[in-house]
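Chemist: Provided herewith is a single structure, encoded as structure tokens, for subsequent inquiry.
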Amino acid sequence: MFAGGETTGGIKAPKTLKRRNFKKLSLNPVSPTTATNGTTMDRESTGASASSTSNTSASSTFNNNSSNNGDGGHSQITSQFASLELGVEFKLDLRMEDFSTVSELGSGNGGTVTKVMHVPTQKVMAKKVIYIEGKPSVRKQIVRELHIMHECDFPNIVSFYGAFAAESSVTMCMEYMDCGSLDRIYKKYGPLPESIISQISVAVVDGLTYLYNEHRIIHRDVKPSNVLVNSSGQIKLCDFGVSGELINSIADTFVGTSTYMSPERIQGGAYTVKSDVWSLGITLLELAIGRFPFETHNSSLPVGILDLLQRIVNEPPPRLPEGGQFSNLFRNFVDKCLYREEDRPSPQDLLGDDFYLQAKQANSAHELKQWAQSLVQ
């Protein structure tokens, strides 16, 4: 649950840093300040115009200043990384001492995720601490992409509240989704019904389309653990937009992420939006059958990561089981997602698929809410 997002050549600068306070947090206007290494702040606008200085993007700030320093921009990058200020005229003061831990949600070699209460606003959040490399290039990219994460505002994207940093880690504060991730849900309750999977498909396709069309972000890490559910029945993508530099700095990410990689990516090809569609197909198939599709049925014969990657590249893509358990529309949708790259649709193309259209038109909000609430009872 610790990574995702396009790193180079695919991200355009945010349209603007002026926005409403859609996060529903209590904010107070403050004058610009310089944050110390021990305190960092995320700014959020309630819609008033920001100054031209505030509207300068992180990437342009680095480009303008890094060449002027004898240290290749290290001081400038370190300073801005320490503050992680998002460049608009209101700040949400996020400090470590203002968080009260509720429970641990997950952990690994790459970092930890904790359910916390932000005491000043009484807002429950998911606080994610990720351990990173100290290279200036990594920090520069993180600042740039945190700006973009701050700009994302879409029903199927987990909200980003802010971030602060230490020497070897970055802490991101995100929307808390109380039903958890789809991998935990199906592992606890078994395979999901097609009616629920169809709505998951709509949510993920809509989220991927928004990320690419509005921000030129390719998610890069679509998998069940990065699709979250809350008890209102909302389904949201998380862990997009974080730098590939950051992904590569996390010790335990490659194995977990690479198993959902498309064949062309495993072979070293360029990452495109079609790669996300492959990962979506594997995810939906996993939710439907209750296990990773390339898993061996004989648990006494574990598949090594290199053998698994060879299978993904060389074997025909997995398919839903034959029989009447799944509709032809669903079967065809998954098959399309797992076509070879040249024939595979983009998220935009999937908006016209019959399975997507049928699910989109279904009045399923009540069913989704009932299903989600059954997960937390």
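Any Cβ shown, glycine's included, is placed from N, Cα and C.
Caution: TrEMBL annotation is automatic and unverified by curators.
This is the feature table in TrEMBL:
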- K128: ATP binding site (BINDING)
- 28-40: compositional bias 'Polar residues' (COMPBIAS)
- 46-69: compositional bias 'Low complexity' (COMPBIAS)
- 99-356: domain 'Protein kinase' (DOMAIN)
- 1-76: region 'Disordered' (REGION)
Chemist: Name the secondary structure element type, per DSSP in three states, that contains K128 (ATP binding site).
Modeler: strand
Chemist: Just to be sure I understand the packing, how many Cβ atoms besides its own are within 10 Å of the Cβ of K128 (ATP binding site)?
Modeler: 22
Chemist: Restricting to the domain 'Protein kinase' (99-356), what is the model's mean pLDDT?
Modeler: 87
